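Enquirer: Quick paste of what TrEMBL says about this protein:
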type     : residues : note
DOMAIN   : 9-469    : domain 'Major facilitator superfamily (MFS) profile'
TRANSMEM : 6-31     : transmembrane segment
TRANSMEM : 88-107   : transmembrane segment
TRANSMEM : 113-134  : transmembrane segment
TRANSMEM : 146-166  : transmembrane segment
TRANSMEM : 178-198  : transmembrane segment
TRANSMEM : 333-354  : transmembrane segment
TRANSMEM : 380-404  : transmembrane segment
TRANSMEM : 416-435  : transmembrane segment
TRANSMEM : 447-465  : transmembrane segment
Amino acid sequence: MPVGNIYLIAAIAIIGGGLFGFDISSMSAIISGSPYRCYFSSDRLPDGTCPGPNSDVQGGITASMAGGSWLGALASGFITDRLGRKKAIMIGSILWCVGCILVCASQDVAMLIVGRIVNGLCVGICSAQVPVYISELAEPRLRGRLVGAQQWAITWGIMIMFYISYGCSFIKGTAAFRVPWGLQAIPAIILFFGMMLLPESPRWLARKDRWEECKDVLTLVLGKGDANSKLVKEEFAEIQAYCEFERQNADVTYLELFKPHMINRTHIGIFTQIWSQLTGMNVMMYYITYVFAMAGLTGNNLLVSSSIQYVINVCMTVPALIWVDKWGRRPTLLVGATLMGTWLFANAGILATYGHPAPPGGVGGIAAASWQVSGHAAKAVIACSYLFVASFAPTWGPVSWIYPPELFPLRVRGKAVALSTSANWAFNFALGYFVPPSFENIKWKTYILFGVFCIAMFVHVFFMFPETAGKQLEEVEDMFTDVNGPRNIGTLAWKTRVGQRAPKNVVVSEKLAALRTSEEHVKSETV
């Protein structure tokens, strides 16, 4: 019998998010180590040290995983619609294991990139479909907390893998990076077998006309075995009503997401993921060792100081998991953008005022570490970096995963979230490639660039992102199709509140009323 406890279901499913975290910190912890730099470097410096891959090559290595994730996220829409949310996640875990084998056995940069692309396919599938899977199983009051747990899993993956990589840095030879890259396969194996114990999404089952299974899952997860539970009846009626209402639609294509009635929420979903990348968190996650090297840290001090941000990331995500459904999505995103912009501009000002260019070749032979700062100013840079992470972790980190699945109606949700997530990985790819050359060429001005993005996202969220917290997934449809709001926009974003009932779409409301006229009708439709 499948597992019915929603917390256990979420705990297993979010391992898919943990895989992304494993990848982030395995790269950030390893790129500064001499075994990695010498093995993947084409030359040595006069003093016998290795500069490692140049900025362009390292950017390509880092970005290759995001490139695969972009493709995986897009493909996940087709996979999940045909095979289901559960099987899509299981396919992703298999791809991760294949990618880990290739990365662990890498003989050159090309093989390393291919392995990371395969890993990326998994991350793209899981990052798109795990939030959908959880959001379609959880009741509204728990949805934000449980979907946001994916971000918490990412932070745990980052922290655990960083310390594994740090421990392996004391190993001599290529085992220093091959061992952690091989160990990454373990959580994927756990995810694969764990998913076997979980139920399929009831909303996906409904879309396939598997009504008995749909009601069985709702009874198991929401009713705790009681088929007559009020919550089970309400959710089942909502699902059935909307499936009946949408049955007139043909199979969904990505093109539908760009039609007038859908384009507004499509752009919001896409930009939620784009802005989460343009916050500058990539600078802190992938290349934090470069930043701290510019602040004068070396050796073990560099790695240990870098790891503190991962601990902060884990701890500061917890408040969001507890209170994000009370805070709401809009206030959380607005506060996060404000705080992150503050710390980014502060770092830019400190580096510009108290810093100076690094010697030719960069700090420690790392070309991207092209600027130096020391003394109290260096400590201020490190403090602002920590504060930035502490601001991202409870705001844009979890909400960027929670928000997109809440925006779309059932018939397009799989592909819509896949498209939104693909935008995340497209920009992840671009920034992973862009950051090393930007540190090398525009130096501290990189922080100004991301600070301006934070201002832009604040304005965008305020005017265009409505509140979805505390609303049923089907109810959000009414908010976007409010006949009293501007055409194709619906209820004005700044007028929405947490738990506020959305104005009912007349056509949908009439359909719901007709379908709920009697228990007998619902039962007959189930048969």
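Cβ atoms are placed via backbone N, Cα and C, with glycine included.
What TrEMBL says about a protein is an automatic prediction, not a curated fact.
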Enquirer: Checking distant contacts: for the transmembrane segment (88-107), what same-chain residues at least six beyond its ends satisfy Cβ-Cβ under 8 A?
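Expert: Contacts of the transmembrane segment (88-107) (Cβ under 8 Å, skipping residues fewer than 6 from its ends): 13, 16, 19, 72, 76, 79-80, 114-126, 129-130, 133, 178, 181-182, 184-185, 188-189, 191-192, 195-196.
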Enquirer: Any chance you could find the range in 6-31, 113-134, 416-435 with the most Cβ pairs under 8 Å to the transmembrane segment (146-166)?
Expert: 6-31
Enquirer: How about long-range neighbours of the transmembrane segment (333-354): same chain, 6 or more residues beyond its ends, C-beta under 8 Å?
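Expert: Same-chain residues near the transmembrane segment (333-354) but 6 or more away: 275, 279-280, 294, 371, 373, 375, 377, 380-381, 384-385, 387-388, 391-392, 394-396, 399, 443-445, 447-448, 450-451, 454-455, 457-458, 461-462, 465.
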